[in-house]
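According to TrEMBL, the features are:
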type    : residues                                               : note
BINDING : Gly65, Ser66, Thr67, Gly68, Thr69, Gly70, Lys71, Thr72 : ATP binding site
DOMAIN  : 238-292                                                : domain 'Torsin-1A C-terminal'
Amino acid sequence: RAAPGPERFSPAFSKSRFDFASGLECDLATNLVGQPLVRQQVMKGVREFLENRNPVKPLVMSFHGSTGTGKTYVSSMLVRYLFQGGLQSPYVHQFSPVLHFPHAEQVEQYKENLKRWIQGNLTNCGRSAFLFEEMDKMHPGLIDVIIPFLGPSWVVFGTNYRKAIFIFVSSAGGEQINEMMLDLWRARKDREEIGLQDLEPAISKAAFENPQNGFWKSGIIKEHLIDFIVPFLPLKRHHVKQCVISELVQQGLEVRADVVQEVADSIPYFPEEEKIFSSTGCKTVASWISFFF
């Protein structure tokens, strides 16, 4: 079966390109705290990709940062805007190394399964999305089996696949991002002053050179197949407070200044002395709120 043409965003795509872009931009601006580079990179990548009726390759984005900075949140938001049913859409495919690829001795079988799965789903619908979570826990070498689907070629394995979206989510590079942010803070500079060019080389190096990482010596990085490396910065106390307020509103609870303060104070911060950035980002905010209500 031929993949749907670009002018027909159904069955996979839930909205017109323009509704999607403006809605996503508004949601990112309103609900994603402290991540100027994420908003900038994600919107640039998605806009360019959707406005191009005949892309030469799929959109490939890699999200990097430490725990609780919004990587999973943004990938699910993106999918929610793009596909009816969001993560439950039959055109959205999630992979978790712990769940789908648990045993190192079965890597060759996993490679075969993964290649077949992607090929089959792209034959079914070229407008598909593939999310790879926790790339830092992926068996090295496994992900390279999808290289033929990521590059600028017309047809692979008889499938037109250039309208697909691939998102990799990883903690690799998180430490380097945190170090750079600390240096920036010590130099009394604002987080808005950090640019992608400051972070990208360090993130790529951290992912490529760590033998425990799914991108270790990967052709995906070597061949520059990632279009957008998206760094998620560590969150400061006032960002955590914003997360607490959002969570209270979402749960239909009263926004009380004392609760916001208590929750923000309950979360660990680093470095040990200055306590500037949240060690867990906003990840544990919801569970802490339950202690106060």
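Backbone N, Cα and C define each Cβ position, glycine as well.
In TrEMBL, annotation is done automatically, which means it is predicted and not curated.
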Q: Would you mind splitting the domain 'Torsin-1A C-terminal' (238-292) into helix, strand and coil residue counts from DSSP?
A: 31 helix, 4 strand, 20 coil
Q: Please average pLDDT over the domain 'Torsin-1A C-terminal' (238-292) for the predicted structure.
A: 94
Q: Determine the most Cβ-crowded residue among the binding-site residues Gly65, Gly68, Gly70, using a 10 Å radius around each Cβ and all protein chains in the structure.
A: Gly65
(Q) Excluding near sequence neighbours, so keeping only residues 6 or more apart in the same chain, what lies with its CB under 8 A of Thr72 (ATP binding site)? (A) Glu133, Val169
Q: Starting from the ATP site formed by Gly65, Ser66, Thr67, Gly68, Thr69, Gly70, Lys71, Thr72, give every other residue of that chain whose CB sits within 8 Å of the mean position of their CB atoms, in sequence order.
A: Tyr73, Ser171, Gly174, Phe232, Gly281, Lys283
Q. So what sits near Ser66 (ATP binding site) in its own chain, CB-to-CB under 8 Å and at least six residues off in sequence?
A. Ser171, Gly174, Glu175, Ile177, Asn178, Phe232, Pro234, Gly281
Q) What is the total of other Cβ atoms whose distance to the Cβ of Lys71 (ATP binding site) is within 10 Å? A) 27
Q: Any same-chain residues 6+ apart from Thr67 (ATP binding site) with CB under 8 Å of its CB? Would you list them in sequence order, or say none?
A: Ser171, Gly174, Ser279, Thr280, Gly281, Lys283
Q: Could you list the residues of the same chain, at least six apart in sequence, whose Cβ is under 8 A from the Cβ of Thr69 (ATP binding site)?
A: Gln35, Gly174, Phe232, Leu233, Pro234, Leu235, Gly281, Cys282
